[in-house]
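As recorded in TrEMBL:
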type	residues	note
ACT_SITE	1179	active site, proton acceptor
BINDING	11, 16, 19, 41	[2Fe-2S] cluster 1 binding site
BINDING	81, 84, 116, 118	[2Fe-2S] cluster 2 binding site
BINDING	310, 368	FAD binding site
BINDING	694, 725, 839, 1006	Mo-molybdopterin binding site
BINDING	729, 841	substrate binding site
DOMAIN	183-360	domain 'FAD-binding PCMH-type'
C-alpha cells in the first residue's frame, strides 16, 4: 500500500476541494497531455483507468524538493490549519501546467472550488505572484531584512518551468482503449465501452444497467443491500465526445464535459452565435467548480432529471434538441422540454444535444440568482431570449415544480410590445398573471426576484441599444488587490533572534506537501475496528423501542453500544453534566447519538448503523427563540447587569427609540471533522486516545468519567487539528467517548471519524440571538441610556452558553461609554443541538446589536453613523463591565489611521455620487472600532504549563498545554523559546500535546493561549538559563552545546516544568482595532460585493506579523460569513437542512474584498503584555466584519430613500440576498 495521505476527505461530496488530485491523460488525436483537477472523494476508480493520478505528494515533498507554488505558499503564510492546503496546491499547480502565465482572474477561478476556513484566501492568491513584484513592497515578508538568517540552506524559489514537472508515464502514452473494459469489485461492475456499437452490445447484455458519464452524481449508490449493480460508463465512447459546429447549430456529444464545452465555445467566431455563446459561458461558469466541470457532462446533466439543474432553462430558451437512442438502436429527436416531460425517455440514451443558431436571436440572457446558492435554498434560474421577430420569451426555474415559460409580449397590447416599454412593476404583474394561469403557489419573494431578473435583462438590452441607459453593471476590479503593513524589526536586533519576524512555520514544508499527519491519516493499527454512530431522526421524541437485531446479521459487525454499555455515567457537559452521551429515554434534538456500531471496516460499520430500527413517540419540538420565549422554556434564571440609573437616563434623553435585531446560527465548518482513535492498553484499564480537539483536559475528564476510570488511566494525544474555531472544545466528546468505550469493550483499537453530515448534525453552532433594545440619546447623538433584553438560543443543554451570554452582556455597549445601562439576558432551551463556543464567544453578536443601535440613532437624527460613533467612544479611565479600566487604549489611533488608509472621505463622496447615478445598484460605506478582552474573566483559567527538555546535543524539546489548531501557536512558542534561551530556532522542536506530559491544561480558546503558554515557556526557559549561568560565567565564550555538556557533567537537571499564570484579576488587557468596508448591492437580485475592506489592528509588537496578518484576514472572512453569507436552517420538524457544504455556503475566494488592506498599528507596544509586548489576535478582527453589515444597511437605506421608504431597517444576520431584496423594495424586515 502506497499510503499517500495528502488528499483530504473533508466533505465526501465534491464541494470543498480538499481532496483534489491532478488527473492527466494523453489525447491521441491532438498528441497532447490534458491536465485537469478532480475531486477524488466522488471520482470512481474506474474513471481514472488509463490516466496518471498525481496527489500533492507527487508535486513536491520536503525530502525531494518543493514545487515553486508550495514554496510560495510557505513564504506567503498561505497555510494555517493546513487541511485544505494539499487541495489548493494541486489546483494551483494544475493551473500552471495548463497556463504557465495565468492572470489573477485565472488564479481566482482555479481555486473557486477549494474552500479555506482559516486564511481568508488573500495569501493563497498572493502565493501565485511572488515571481513578480510583491504588493508588500519593502515590507515583503521575503525581504532579507525581515527574514531570519539561519544556517540552514533554503533553496530559492525557481521560476515556473513546466519541463521540471513530473513526467507523464510513457506506458500511458501508448495505452489506448480499443475494446470494452470491465472492472468488478464486490457487488459492483463498471463497464467502459469505447465505441457506440460496443455500448449497444453491452446494453443488450445488461438492459437494467445504469448509465454514467462523469459519475459525479453516483454518490453512495454502490453501497446497497440488493444484488449486483452494473454501471455502463459513456465517458470514453468516441461518438459521444464529438463536438460539431456550423452556421446552423452547435452539437455536443452527451459525454462532452462542461470544461471541453466551454473551451470550444470560447473559440467560436460565428457572428450569429455571439448571444448564444455569452449565455452558455455565463451558465457554465455558474455550474459548481472546475473540479466538477472537468468531469461532469452535458448529457449527464440532462439525464439526472434533478431539480435545480442550471442549464435546463437555457436549453429550453434556445429550443435545443436531444438525439436519443434505445437499446435496439432506434433513434429519434426531441426538444429538451419534450425529453424532460416524457418519462419514457429514461429508457433511452442521449447521444448528443443540438442548439440551433438562429440569426433572428438578438439577445440571450442567463441569470442564476443568487449566483452561488446552497442546494435546496430559495432562488431562481432564468433564461431569456429576445429576437427580431418581436418575441420576448423567458424560462424560469425555481418558481414552481416545473419550469415556467413566459411569453412577455403576449401580455401587452401590440402598441407596447417593446422591451423599452416595460418596467419592474409591469414585469411583476405579468409574471403573477402567468403563475396564476399555471395555478402555481409561489413564495412572494421569489416572484419579486424573478421580476428583478427580467428587469436586469431589460437593462442589458437597453445598455447595448441606448448609450445613455443605466448600466446593469458597475466598474469592479476583476481581481483582488491587497496591501499589508507592519513594523520592521529594529536593525539592532540580532538576525538570530526570531521574535517579531514574519517567519514561516517550521513545519510548513511538511504541511504544504501533504506529509503532515492528521488523525485519520494515521496508519491503521493491527486488528483495528471502526465505529459509526446511530443518530436520532426526530427533534423531540420518546424512544419507544430501539431494535438492534438487524445489526447482528450484518457482515463484519463486532459490537454495538448504547447507554447501557457505559461503566461510568451517561451524562456529560463542560460546565454542567446535563446532556447524555447516548439518548436513553428521549431524543432532544435531531441527530442526537443513540448508540454506535463497531465493525471490521468503516463501510461495514456505516452499513450496519443504517439497519437499526427505532420507534419514536414524537412530540412537538421547541425550535426557535420565539417558541422558547412564548413557552418560557429557559435554562437557569435571568442574568442582569446594570450601571447608573436607567430611568433617569431616559428622562434626560431628547429622544428614545426601540428596535429588535437578530443574529443567526453559524456552523464552524472546520475542514477536518471530529474524530478519534482509541487504543486500549489491556492493563490497569489504560487507554490511549488520539483526538482532534482543543481542550485536552476536558476530553480526558469526559472519557474517564464515562468509562468509570481515573483520569490518570487516560492519555489524550494531539499533534494538530484541521481547524476548530471553538467547535472542538466540548464537541469531540460526542465521538471520542463512544470510541473509547468501544475500544475498552472489544480490547481492540477503534477508529471513529465523523462524516461531514454527521458532524454538522450533532455539533453545536454559534448561538443565535435576539436583542430587544431601547436607547435614549441627546439631540447631538450622545448616548444617555440603554436597555436591552437579550435572548440566546442555547439549544438542548447548557454547554458554555451561560459563559457566552456573559460575554455578550459585558460587550453589549461595544467600545462606547454609556452612563446608564441595564441588560437582561436569558438562555432559551430548545430542541436543537446544544450551541457551543465559536470564535468571538458571544461578542460578535453584541457588536452587531450595538452597531445597529448606533445606526438607528444616526437614522433618526439624520446625521452620519460615524459622527455618533466618534462622540461616544469610551476614554481612558472608563470601567467597562469586564471590570478592567481602560488604559493606554489605542482606539482613536487605530480609528484615525484606518480613515487615512481607507481614504474614507473620498470613498464616502464616491459612494454618494454612485448612488445618485444608479437606481438598481447601490453602495454603502461604514466604519467601526472594536475592543476585545484578553484573559479569562475567571482567573483560575488563566494558567498553563510548559515542559522544556534540553538534550546533550543542545536540541530542545518543548511540550505545552496548548493545541495547534491552525493559529500558529507552536511557531510563536518556538520563537519565544528561541529568544529566551538564545538558541537558533532550528534547535527547538514541539512534538505534540499530551496529557501525560502536561496535565490540567486550559482549553485553547479565547485568543489568550499564546499569552498563557508563552508565560510558562518564559518561566521554564528562564530557569534553564539560571541553571546554566554559573557555567557561562566560568566559560564566557563557550557554545550552547558546551554549556549543556558542562551542566550534565555536574548533574544539573536540564528538564524544567513551569507554570504561567497571568491575569490574577481576570481580564488583563484589551486588543483594539478599526475597520472600514465598502459594499455594492444589486437591488433587483439582492446580491452584493464587498468592494474594499481596510483594517488597522493594535496587536502590540506582533510576535510574528505573517501569522497575525493571516489571523486577521481569516477572522474577518469568517465574520463576514456570519454577517452576510452563511445561513444555517432547520425544517419545521427540526431536521438540519444545512447538512453539508452544498447546502451550507461559506465564503469562497470570490467573496474576498476586491481591495483588502491590513495594517498592524505601529509604535504600540503592549505595556500590559505577558510576552514580548505582544497581544492576542485570533478573535478580535472577526468583530470588524460588522462593517460589512453596517455598509449593507447603508446601501439598502439609499435604495429605500429613492422609493420614499423612510423606516429604519434592522437587518438580521445573515444578510442574505432575499433580505437585501426585500428591504430594498418593501417595508422593514
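Cβ from N, Cα, C; glycine included.
In TrEMBL, annotation is done automatically, which means it is predicted and not curated.
A distance of 40 Å separates the Cα atom of residue 368 (FAD binding site) from that of residue 694 (Mo-molybdopterin binding site).
Within 10 Å of residue 1006 (Mo-molybdopterin binding site), as judged by C-alpha distances, the recorded positions found are 841, 1179; the full candidate list was 19, 41, 84, 310, 841, 1179. Within 8 Å of the centroid of the Cβ atoms of 694, 725, 839, 1006, where the record puts Mo-molybdopterin, the same chain has further Cβ atoms from 724, 726, 727, 729, 837, 838, 841, 965, 1004, 1005, 1007, 1178, 1179.
A distance of 15 Å separates the Cα atom of residue 16 ([2Fe-2S] cluster 1 binding site) from that of residue 81 ([2Fe-2S] cluster 2 binding site). Mean per-residue pLDDT, taken over the domain 'FAD-binding PCMH-type' (183-360), amounts to 88. A straight line from the CA of residue 725 (Mo-molybdopterin binding site) to the CA of the residue listed as 'active site, proton acceptor' spans 9 Å. Reported as a whole number, the C-alpha separation between residue 118 ([2Fe-2S] cluster 2 binding site) and residue 839 (Mo-molybdopterin binding site) equals 12 Å. Around residue 310 (FAD binding site), the C-beta neighbours below 8 angstroms that are at least 6 residues distant in the chain are 283, 286, 287, 368, 381. In sequence order, 721, 724, 726, 728, 729, 963, 965, 1003, 1004, 1005 are the residues of the chain that are 6 or more apart from residue 694 (Mo-molybdopterin binding site) and have a CB within less than 8 Å of its CB.
Residues within less than 8 Å, Cβ to Cβ, of residue 11 ([2Fe-2S] cluster 1 binding site) and separated from it by at least 6 positions along the same chain comprise 18, 41, 756, 1140, 1141. Nearest neighbour of residue 1179 (active site, proton acceptor) by Cα distance, taken over the binding-site residues 19, 81, 84, 839, 841: 839. With respect to residue 19 ([2Fe-2S] cluster 1 binding site), the closest of these binding-site residues in Cα terms is 84, chosen from 81, 84, 839, 841. All protein chains included, residue 16 ([2Fe-2S] cluster 1 binding site) registers 32 other Cβ atoms within 10 Å of its own Cβ.
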